[in-house]
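Okay, so here's the structure we're looking at.
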Ligand SMILES: *Cc1c(COP(=O)(O)O)cnc(C)c1O
(Lines of atoms letter the chains of each structure in order from A and count residues from 1; the text may use other names and numbers.)
(Lines give C-alpha, C1' and ligand atoms only; values in the text may rest on other atoms or scores of the structure.)
Protein backbone atom coordinates (compact mmCIF):
# COMPACT_ATOMS: atom_id res chain seq x y z
CA UNK A 1 0.00 0.00 0.00
CA UNK A 2 1.31 3.42 -0.95
CA UNK A 3 0.43 6.75 0.52
CA UNK A 4 -3.25 7.66 0.89
CA UNK A 5 -5.17 8.97 -2.12
CA UNK A 6 -7.85 11.66 -2.13
CA UNK A 7 -10.68 9.28 -1.28
CA UNK A 8 -8.73 7.85 1.67
CA UNK A 9 -7.94 11.33 2.94
CA UNK A 10 -11.64 12.21 2.81
CA UNK A 11 -12.39 9.09 4.84
CA UNK A 12 -9.68 10.05 7.32
CA UNK A 13 -11.07 13.53 7.90
CA UNK A 14 -14.58 12.15 8.41
CA UNK A 15 -13.90 9.08 10.50
CA UNK A 16 -10.54 9.13 12.26
CA UNK A 17 -9.49 10.99 15.37
CA UNK A 18 -5.97 12.38 15.29
CA UNK A 19 -4.21 13.57 18.47
CA UNK A 20 -6.11 16.39 20.15
CA UNK A 21 -8.23 17.03 17.06
CA UNK A 22 -11.74 18.14 16.19
CA UNK A 23 -14.16 16.04 14.14
CA UNK A 24 -16.10 19.13 13.09
CA UNK A 25 -13.12 21.11 11.93
CA UNK A 26 -10.51 18.45 11.14
CA UNK A 27 -6.97 19.76 10.84
CA UNK A 28 -5.18 19.56 7.47
CA UNK A 29 -3.22 16.33 7.02
CA UNK A 30 -0.03 15.70 5.13
CA UNK A 31 -0.08 12.14 3.77
CA UNK A 32 3.16 10.23 4.29
CA UNK A 33 4.17 7.44 1.97
CA UNK A 34 7.39 6.30 3.64
CA UNK A 35 10.20 7.50 5.84
CA UNK A 36 13.92 6.85 5.85
CA UNK A 37 16.76 8.31 7.92
CA UNK A 38 15.61 11.81 8.90
CA UNK A 39 13.31 12.19 5.88
CA UNK A 40 9.54 11.85 5.58
CA UNK A 41 8.37 11.23 2.02
CA UNK A 42 4.95 12.66 1.23
CA UNK A 43 2.68 11.09 -1.39
CA UNK A 44 3.22 14.03 -3.73
CA UNK A 45 6.92 13.15 -3.79
CA UNK A 46 8.11 15.95 -1.53
CA UNK A 47 10.65 15.05 1.14
CA UNK A 48 10.70 16.75 4.51
CA UNK A 49 13.56 16.83 7.01
CA UNK A 50 11.92 15.70 10.22
CA UNK A 51 12.61 17.91 13.22
CA UNK A 52 10.20 16.10 15.54
CA UNK A 53 11.56 12.52 15.49
CA UNK A 54 7.89 11.54 15.81
CA UNK A 55 7.64 13.15 19.26
CA UNK A 56 11.07 12.40 20.72
CA UNK A 57 11.09 8.76 19.74
CA UNK A 58 12.89 8.10 16.44
CA UNK A 59 16.41 8.72 17.76
CA UNK A 60 18.22 6.56 15.15
CA UNK A 61 16.13 7.67 12.17
CA UNK A 62 13.42 5.85 10.21
CA UNK A 63 13.81 2.57 8.38
CA UNK A 64 17.03 1.73 10.21
CA UNK A 65 18.72 -1.44 8.86
CA UNK A 66 19.70 -2.86 12.28
CA UNK A 67 16.30 -2.17 13.85
CA UNK A 68 14.56 -3.58 10.77
CA UNK A 69 16.65 -6.72 11.06
CA UNK A 70 15.88 -7.12 14.76
CA UNK A 71 12.16 -6.82 13.97
CA UNK A 72 12.37 -9.31 11.07
CA UNK A 73 14.25 -11.87 13.13
CA UNK A 74 11.85 -11.62 16.03
CA UNK A 75 8.67 -11.66 13.94
CA UNK A 76 9.80 -14.94 12.34
CA UNK A 77 10.17 -16.45 15.82
CA UNK A 78 7.07 -15.00 17.50
CA UNK A 79 5.60 -11.52 17.50
CA UNK A 80 3.74 -12.00 20.75
CA UNK A 81 3.04 -14.36 23.59
CA UNK A 82 1.29 -13.61 26.86
CA UNK A 83 3.66 -12.69 29.70
CA UNK A 84 1.64 -14.43 32.42
CA UNK A 85 3.49 -17.65 33.20
CA UNK A 86 5.63 -17.36 30.05
CA UNK A 87 8.85 -15.49 29.52
CA UNK A 88 11.30 -14.86 26.68
CA UNK A 89 14.79 -13.61 25.88
CA UNK A 90 13.80 -10.25 24.36
CA UNK A 91 12.16 -9.22 27.65
CA UNK A 92 15.00 -10.62 29.75
CA UNK A 93 17.84 -9.05 27.78
CA UNK A 94 16.05 -5.73 27.45
CA UNK A 95 15.37 -5.60 31.19
CA UNK A 96 18.98 -6.57 31.96
CA UNK A 97 20.15 -3.68 29.79
CA UNK A 98 17.72 -1.21 31.40
CA UNK A 99 18.88 -2.17 34.89
CA UNK A 100 22.50 -1.66 33.76
CA UNK A 101 21.92 1.70 32.06
CA UNK A 102 19.61 3.46 34.48
CA UNK A 103 20.71 5.24 37.68
CA UNK A 104 21.87 3.15 40.62
CA UNK A 105 19.23 1.26 42.57
CA UNK A 106 16.60 0.89 39.84
CA UNK A 107 16.58 -2.88 39.63
CA UNK A 108 13.04 -4.12 39.10
CA UNK A 109 11.45 -3.68 35.69
CA UNK A 110 7.78 -3.52 34.70
CA UNK A 111 7.33 -3.53 30.91
CA UNK A 112 4.26 -1.51 30.00
CA UNK A 113 2.65 -0.70 26.68
CA UNK A 114 2.77 3.10 26.53
CA UNK A 115 4.17 6.07 28.38
CA UNK A 116 0.88 6.89 30.03
CA UNK A 117 0.49 3.32 31.24
CA UNK A 118 4.01 3.36 32.69
CA UNK A 119 2.95 6.45 34.66
CA UNK A 120 -0.20 4.67 35.88
CA UNK A 121 2.02 1.78 36.94
CA UNK A 122 4.39 4.13 38.78
CA UNK A 123 1.54 5.83 40.66
CA UNK A 124 0.03 2.48 41.55
CA UNK A 125 3.39 1.17 42.76
CA UNK A 126 3.79 4.18 45.05
CA UNK A 127 0.29 3.70 46.49
CA UNK A 128 0.71 -0.06 46.95
CA UNK A 129 4.10 0.52 48.58
CA UNK A 130 2.70 2.72 51.35
CA UNK A 131 -0.33 0.48 51.75
CA UNK A 132 1.99 -2.48 52.29
CA UNK A 133 3.90 -0.45 54.87
CA UNK A 134 0.70 0.07 56.84
CA UNK A 135 0.20 3.65 55.72
CA UNK A 136 -2.79 3.52 53.34
CA UNK A 137 -3.43 7.21 54.04
CA UNK A 138 -0.33 8.02 51.98
CA UNK A 139 -2.10 7.75 48.61
CA UNK A 140 -2.02 11.24 47.13
CA UNK A 141 0.55 12.58 44.68
CA UNK A 142 2.33 15.88 44.47
CA UNK A 143 3.53 17.12 41.10
CA UNK A 144 4.77 20.31 39.48
CA UNK A 145 2.94 23.02 37.61
CA UNK A 146 3.68 22.88 33.87
CA UNK A 147 4.22 19.13 34.15
CA UNK A 148 3.00 16.62 31.59
CA UNK A 149 2.70 12.91 32.34
CA UNK A 150 0.24 11.49 29.82
CA UNK A 151 -3.43 11.31 28.91
CA UNK A 152 -4.91 8.51 31.02
CA UNK A 153 -6.78 9.47 34.18
CA UNK A 154 -4.08 8.84 36.76
CA UNK A 155 -1.50 10.55 34.56
CA UNK A 156 -3.89 13.44 33.85
CA UNK A 157 -4.41 14.00 37.55
CA UNK A 158 -0.71 14.90 37.91
CA UNK A 159 -0.50 17.02 34.72
CA UNK A 160 -0.58 20.81 35.00
CA UNK A 161 -4.13 21.59 36.13
CA UNK A 162 -4.57 24.42 33.60
CA UNK A 163 -2.87 22.88 30.52
CA UNK A 164 -4.47 19.55 31.47
CA UNK A 165 -7.95 21.10 31.62
CA UNK A 166 -8.65 19.72 35.08
CA UNK A 167 -11.77 21.87 35.25
CA UNK A 168 -13.33 19.83 32.44
CA UNK A 169 -12.70 16.62 34.38
CA UNK A 170 -13.25 17.92 37.90
CA UNK A 171 -15.06 15.41 40.06
CA UNK A 172 -13.49 12.63 38.00
CA UNK A 173 -9.79 13.22 38.49
CA UNK A 174 -8.02 12.36 41.73
CA UNK A 175 -7.27 15.56 43.64
CA UNK A 176 -3.49 15.93 43.78
CA UNK A 177 -1.20 18.65 45.08
CA UNK A 178 0.82 20.98 42.88
CA UNK A 179 4.06 22.76 43.66
CA UNK A 180 5.21 25.71 41.54
CA UNK A 181 7.31 24.89 38.50
CA UNK A 182 11.07 25.01 39.12
CA UNK A 183 12.21 28.53 38.18
CA UNK A 184 16.01 28.44 38.30
CA UNK A 185 17.26 27.81 34.77
CA UNK A 186 19.47 24.91 33.78
CA UNK A 187 22.74 26.80 34.06
CA UNK A 188 21.64 29.58 36.39
CA UNK A 189 22.05 30.06 40.11
CA UNK A 190 19.93 28.42 42.77
CA UNK A 191 18.57 29.97 45.94
CA UNK A 192 16.86 28.15 48.81
CA UNK A 193 13.71 30.22 48.18
CA UNK A 194 13.42 28.53 44.78
CA UNK A 195 12.22 25.33 46.42
CA UNK A 196 10.58 26.76 49.56
CA UNK A 197 7.01 26.15 48.39
CA UNK A 198 7.68 22.50 47.57
CA UNK A 199 9.20 22.13 51.03
CA UNK A 200 6.21 23.81 52.65
CA UNK A 201 3.77 21.49 50.85
CA UNK A 202 5.79 18.41 51.77
CA UNK A 203 6.04 19.57 55.37
CA UNK A 204 2.31 20.11 55.58
CA UNK A 205 1.09 17.11 53.59
CA UNK A 206 3.71 14.35 53.75
CA UNK A 207 1.40 12.23 55.92
CA UNK A 208 -0.98 11.81 52.97
CA UNK A 209 1.57 11.83 50.13
CA UNK A 210 2.78 8.68 48.38
CA UNK A 211 5.11 10.31 45.86
CA UNK A 212 6.40 13.38 44.12
CA UNK A 213 6.23 12.87 40.37
CA UNK A 214 8.21 15.15 38.07
CA UNK A 215 9.96 15.37 34.73
CA UNK A 216 13.64 15.73 35.64
CA UNK A 217 15.44 18.81 34.18
CA UNK A 218 13.18 19.17 31.11
CA UNK A 219 9.50 19.98 31.46
CA UNK A 220 8.36 18.78 28.02
CA UNK A 221 4.83 19.12 26.66
CA UNK A 222 3.93 21.52 29.51
CA UNK A 223 6.27 24.28 28.31
CA UNK A 224 9.62 22.92 27.09
CA UNK A 225 11.48 24.41 30.05
CA UNK A 226 14.92 23.37 31.31
CA UNK A 227 15.63 23.76 35.03
CA UNK A 228 18.48 23.58 37.46
CA UNK A 229 20.04 20.23 38.44
CA UNK A 230 20.49 21.70 41.93
CA UNK A 231 16.70 22.10 42.19
CA UNK A 232 16.33 18.41 41.35
CA UNK A 233 18.99 17.42 43.92
CA UNK A 234 17.16 19.43 46.58
CA UNK A 235 13.83 17.85 45.62
CA UNK A 236 15.41 14.40 46.01
CA UNK A 237 16.71 15.38 49.46
CA UNK A 238 13.29 16.70 50.50
CA UNK A 239 11.63 13.45 49.41
CA UNK A 240 14.05 11.53 51.62
CA UNK A 241 13.51 13.91 54.52
CA UNK A 242 9.71 13.73 54.33
CA UNK A 243 9.47 10.04 53.35
CA UNK A 244 7.78 10.63 50.04
CA UNK A 245 8.84 8.52 47.03
CA UNK A 246 10.34 10.27 44.01
CA UNK A 247 9.01 9.24 40.59
CA UNK A 248 11.11 10.51 37.67
CA UNK A 249 9.16 10.61 34.43
CA UNK A 250 11.97 10.24 31.87
CA UNK A 251 9.61 9.27 29.04
CA UNK A 252 10.73 12.27 26.98
CA UNK A 253 14.24 12.77 28.36
CA UNK A 254 15.43 9.17 28.56
CA UNK A 255 18.16 7.72 26.32
CA UNK A 256 20.38 10.74 25.80
CA UNK A 257 17.98 13.42 24.64
CA UNK A 258 19.00 16.04 27.24
CA UNK A 259 22.74 15.44 26.84
CA UNK A 260 22.97 12.83 29.61
CA UNK A 261 21.75 9.26 29.19
CA UNK A 262 18.99 10.10 31.69
CA UNK A 263 18.14 13.63 32.80
CA UNK A 264 18.52 12.53 36.45
CA UNK A 265 22.22 12.09 35.71
CA UNK A 266 22.61 15.88 35.36
CA UNK A 267 21.92 16.03 39.08
CA UNK A 268 23.59 12.73 39.97
CA UNK A 269 20.42 11.45 41.65
CA UNK A 270 18.47 8.20 41.56
CA UNK A 271 14.69 8.29 41.79
CA UNK A 272 12.78 5.53 43.58
CA UNK A 273 10.72 4.86 40.46
CA UNK A 274 11.48 5.81 36.85
CA UNK A 275 9.22 5.85 33.79
CA UNK A 276 10.67 5.28 30.31
CA UNK A 277 8.99 5.24 26.91
CA UNK A 278 9.11 7.22 23.66
CA UNK A 279 12.70 6.55 22.42
CA UNK A 280 12.81 3.11 24.05
CA UNK A 281 12.18 1.26 20.77
CA UNK A 282 13.88 3.90 18.65
CA UNK A 283 10.35 4.98 17.74
CA UNK A 284 9.46 1.71 16.02
CA UNK A 285 6.48 0.78 18.14
CA UNK A 286 4.92 1.44 21.48
CA UNK A 287 6.69 0.15 24.57
CA UNK A 288 7.41 1.64 27.96
CA UNK A 289 8.96 0.59 31.23
CA UNK A 290 8.63 1.45 34.91
CA UNK A 291 11.71 0.71 36.97
CA UNK A 292 11.73 0.63 40.76
CA UNK A 293 14.10 -0.17 43.59
CA UNK A 294 14.34 -3.66 45.02
CA UNK A 295 12.98 -2.33 48.30
CA UNK A 296 9.80 -1.04 46.65
CA UNK A 297 9.28 -4.29 44.77
CA UNK A 298 9.90 -6.34 47.89
CA UNK A 299 7.59 -4.25 50.07
CA UNK A 300 4.75 -4.42 47.53
CA UNK A 301 5.16 -8.17 47.16
CA UNK A 302 5.18 -8.68 50.94
CA UNK A 303 1.99 -6.60 51.30
CA UNK A 304 -1.62 -7.71 51.64
CA UNK A 305 -2.22 -8.15 47.89
CA UNK A 306 0.87 -10.40 47.67
CA UNK A 307 1.66 -9.05 44.22
CA UNK A 308 1.72 -5.90 42.16
CA UNK A 309 -1.79 -5.37 40.80
CA UNK A 310 -1.16 -4.75 37.11
CA UNK A 311 -0.70 -6.87 33.99
CA UNK A 312 -1.61 -5.61 30.53
CA UNK A 313 -2.47 -8.03 27.72
CA UNK A 314 0.49 -6.96 25.62
CA UNK A 315 2.95 -6.73 28.50
CA UNK A 316 6.55 -7.20 27.33
CA UNK A 317 5.55 -7.70 23.70
CA UNK A 318 8.53 -9.66 22.28
CA UNK A 319 8.62 -7.78 18.99
CA UNK A 320 8.80 -4.43 20.75
CA UNK A 321 11.35 -5.75 23.27
CA UNK A 322 13.62 -7.12 20.52
CA UNK A 323 13.60 -3.80 18.67
CA UNK A 324 14.14 -1.88 21.92
CA UNK A 325 17.13 -4.03 22.78
CA UNK A 326 18.66 -3.34 19.38
CA UNK A 327 17.90 0.38 19.75
CA UNK A 328 19.81 0.46 23.05
CA UNK A 329 22.72 -1.39 21.40
CA UNK A 330 22.70 1.19 18.62
CA UNK A 331 22.82 4.03 21.14
CA UNK A 332 26.08 2.64 22.48
CA UNK A 333 27.58 1.70 19.10
CA UNK A 334 26.77 5.06 17.52
CA UNK A 335 28.23 7.02 20.44
CA UNK A 336 25.00 8.85 21.30
CA UNK A 337 26.90 11.27 23.54
CA UNK A 338 29.01 12.90 20.86
CA UNK A 339 26.05 12.82 18.44
CA UNK A 340 23.86 14.70 20.91
CA UNK A 341 26.66 17.17 21.68
CA UNK A 342 27.10 17.80 17.98
CA UNK A 343 23.36 18.42 17.57
CA UNK A 344 23.34 20.67 20.62
CA UNK A 345 25.99 22.97 19.13
CA UNK A 346 24.27 22.89 15.72
CA UNK A 347 20.95 23.89 17.30
CA UNK A 348 22.57 26.64 19.38
CA UNK A 349 24.27 28.12 16.36
CA UNK A 350 21.36 27.65 13.97
CA UNK A 351 18.58 29.00 16.21
CA UNK A 352 20.55 31.95 17.61
CA UNK A 353 19.43 34.40 14.86
CA UNK A 354 15.80 33.94 16.01
CA UNK A 355 16.68 35.70 19.27
CA UNK A 356 16.81 39.05 17.46
CA UNK A 357 13.19 38.80 16.24
CA UNK A 358 10.64 40.95 18.05
CA UNK A 359 8.11 38.11 18.14
CA UNK A 360 10.57 35.81 19.90
CA UNK A 361 10.67 35.73 23.71
CA UNK A 362 13.43 33.17 24.17
CA UNK A 363 15.64 30.69 22.37
CA UNK A 364 16.98 27.75 24.36
CA UNK A 365 18.79 24.53 23.64
CA UNK A 366 19.65 21.55 25.82
CA UNK A 367 21.10 18.38 24.34
CA UNK A 368 19.19 17.53 21.18
CA UNK A 369 16.25 19.79 22.10
CA UNK A 370 15.89 23.21 20.47
CA UNK A 371 13.15 25.66 21.42
CA UNK A 372 12.02 29.01 20.07
CA UNK A 373 9.50 30.50 22.47
CA UNK A 374 7.35 33.25 20.97
CA UNK A 375 5.39 35.98 22.71
CA UNK A 376 2.18 34.92 20.95
CA UNK A 377 0.88 31.46 20.03
CA UNK A 378 1.21 30.40 16.40
CA UNK A 379 -1.69 29.15 14.35
CA UNK A 380 -0.90 25.57 13.34
CA UNK A 381 -3.12 25.83 10.27
CA UNK A 382 -1.12 28.85 9.14
CA UNK A 383 2.36 27.77 10.04
CA UNK A 384 2.42 24.04 9.27
CA UNK A 385 2.21 24.55 5.47
CA UNK A 386 4.93 27.21 5.71
CA UNK A 387 7.33 24.68 7.25
CA UNK A 388 6.36 22.08 4.65
CA UNK A 389 7.10 24.60 1.91
CA UNK A 390 10.54 25.03 3.46
CA UNK A 391 11.04 21.24 3.28
CA UNK A 392 10.94 20.54 7.01
CA UNK A 393 8.56 18.91 9.46
CA UNK A 394 8.14 21.05 12.57
CA UNK A 395 4.96 21.00 14.62
CA UNK A 396 4.65 23.96 16.97
CA UNK A 397 2.59 23.87 20.12
CA UNK A 398 1.08 27.13 21.40
CA UNK A 399 3.90 29.65 21.72
CA UNK A 400 6.57 26.99 21.27
CA UNK A 401 8.30 26.17 18.02
CA UNK A 402 10.61 23.33 18.92
CA UNK A 403 12.58 20.43 17.48
CA UNK A 404 14.13 17.24 18.83
CA UNK A 405 15.84 15.68 15.81
CA UNK A 406 17.12 12.14 15.42
CA UNK A 407 20.68 11.86 16.77
CA UNK A 408 21.89 10.79 13.33
CA UNK A 409 20.87 14.03 11.60
CA UNK A 410 23.78 15.33 9.53
CA UNK A 411 25.14 18.83 10.07
CA UNK A 412 23.89 19.86 6.63
CA UNK A 413 20.32 18.67 7.36
CA UNK A 414 20.44 20.31 10.78
CA UNK A 415 21.43 23.61 9.16
CA UNK A 416 18.55 23.28 6.67
CA UNK A 417 16.18 22.59 9.57
CA UNK A 418 17.24 25.52 11.77
CA UNK A 419 17.48 27.91 8.79
CA UNK A 420 13.92 26.99 7.85
CA UNK A 421 12.72 27.55 11.43
CA UNK A 422 14.27 31.01 11.55
CA UNK A 423 12.97 31.83 8.05
CA UNK A 424 9.40 30.91 9.02
CA UNK A 425 9.66 33.02 12.19
CA UNK A 426 10.83 35.96 10.07
CA UNK A 427 8.04 35.42 7.60
CA UNK A 428 5.47 35.41 10.41
CA UNK A 429 6.86 38.75 11.59
CA UNK A 430 6.39 40.19 8.13
CA UNK A 431 2.78 38.96 7.70
C1 LIG B 1 4.79 11.55 26.02
C2 LIG B 1 4.91 11.60 27.49
C3 LIG B 1 4.09 10.79 28.31
C4 LIG B 1 2.99 9.91 27.76
O5 LIG B 1 3.47 8.90 26.93
P6 LIG B 1 2.46 8.21 25.87
O7 LIG B 1 3.29 7.16 25.23
O8 LIG B 1 2.05 9.31 24.93
O9 LIG B 1 1.32 7.66 26.63
C10 LIG B 1 4.29 10.85 29.68
N11 LIG B 1 5.23 11.64 30.22
C12 LIG B 1 6.04 12.42 29.47
C13 LIG B 1 7.08 13.25 30.13
C14 LIG B 1 5.90 12.44 28.08
O15 LIG B 1 6.68 13.24 27.35
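From the backbone N, Cα and C atoms, a Cβ is placed for every residue, glycine too.
Predicted automatically and left uncurated, TrEMBL annotations should be read as such.
DSSP assigns residue 148 (substrate binding site) to coil in the three-state reduction, placing it in neither a helix nor a strand. Non-local contacts of residue 148 (substrate binding site) by the CB criterion (under 8 A, 6+ apart in sequence, same chain) comprise 159, 160, 163, 164, 215, 219, 220, 221, 222. As annotated by TrEMBL, substrate binding site applies to 55, 148, 278, 311, 395.
When Cβ atoms from all protein chains are considered, those within 10 Å of residue 312 (pyridoxal 5'-phosphate binding site) total 16, not counting its own. Taken from TrEMBL, the feature pyridoxal 5'-phosphate binding site applies to 115, 116, 249, 312, 313.
TrEMBL lists 278 with the feature N6-(pyridoxal phosphate)lysine. The Cβ of residue 278 (substrate binding site) lies under 8 Å from the Cβ of 55, 56, 57, 115, 251, 252, 254, each of which sits 6+ residues away along the same chain.
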Which binding-site residues from the set 249, 311, 312, 313, 395 come near ligand 1, judged by a Cβ under 6 Å from any of its atoms?
249
Per the record, pyridoxal 5'-phosphate is bound by 115, 116, 249, 312, 313: how many Å separate the farthest pair of Cα atoms?
23
In sequence order, which residues at least six apart in the same chain have a CB under 8 Å from the CB of residue 249 (pyridoxal 5'-phosphate binding site)?
119, 122, 147, 149, 213, 214, 215, 216, 274, 275
Measuring CB to CB from residue 116 (pyridoxal 5'-phosphate binding site), give everything in the same chain under 8 Å that is also at least six residues away in sequence.
149, 150, 151, 152, 155
Drop a 10 Å sphere on every Cβ of the binding-site residues 313, 395 and tell me which sphere holds the fewest other Cβ atoms.
313
What whole-number Å value do you get for the CA-CA distance of residue 313 (pyridoxal 5'-phosphate binding site) and residue 395 (substrate binding site)?
33
Ranking the binding-site residues 115, 311 by other Cβ atoms within 10 Å, which is at the bottom?
311
